[in-house]
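Down below is the structure, laid out as structure tokens.
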Amino acid sequence: MIVGSRVNEMLRKFKIGYTIFVGVSIISLWIMLFATSQVPELETEPFSLTLHVLSELLLAGSLIICGIGYIKNTRWVPYVFMFSMGLLVYSVINAAGYYGESGDFAMVIMFALLLTIAAVLTVLSLKEGYYT
């Protein structure tokens with residue numbers, strides 16, 4: 001039982017770090033892209049880009065809220081975690097396609113890693129039994 005509780009605590013701490021790190025990274029990436037004028041869609045597809053950035057900010061916000069929820073041990077955090085992982089899975093698959101089209105395979109590998117971690121964390125969370 002003690003080993004199981006240690007593993008659960010390690011998993012909780014990893015989720016805190018992962019969700020907050022990825023959420024802050026998404027916001028930071030968009031700030032950097034806009035600040036360095038690396039968003040050509042701003043001229044060619046402004047409406048589509050606006051909705052895309054809003055969805056990414058929703059994702060980032062939900063990830064950060066999730067991390068804070070885990071820090072505070074809230075009762076609602078398992079549900080926010082699943083919502084956030086759903087948003088993240090969609091986003092990283094979409095982003096991998098975008099960067100793959102431009103030949104930036106380092107980014108594709110990074111998104112594949114983020115996807116793998118999200119999938120593993122989701123499966124482990126389902127095994128925790130909050131959702132039955």
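Numbers here mean position along the shown chain, with the first residue as 1.
Heads up, the Cβ atoms here are built off N, Cα and C, so glycines get one too.
The structure displayed is predicted, hence computed values, not measured ones.
Here's what TrEMBL has on this protein:
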| type | residues | note |
| --- | --- | --- |
| DOMAIN | 10-128 | domain 'DUF8058' |
| TRANSMEM | 16-37 | transmembrane segment |
| TRANSMEM | 49-71 | transmembrane segment |
| TRANSMEM | 78-99 | transmembrane segment |
| TRANSMEM | 105-126 | transmembrane segment |
Fill in the blank from the handout: DSSP tally for the domain 'DUF8058' (10-128), helix/strand/coil in that order, comes to 105 helix, 0 strand, 14 coil
Practice task
Would you mind giving the whole-number mean pLDDT across the domain 'DUF8058' (10-128)?
Solution key: 97
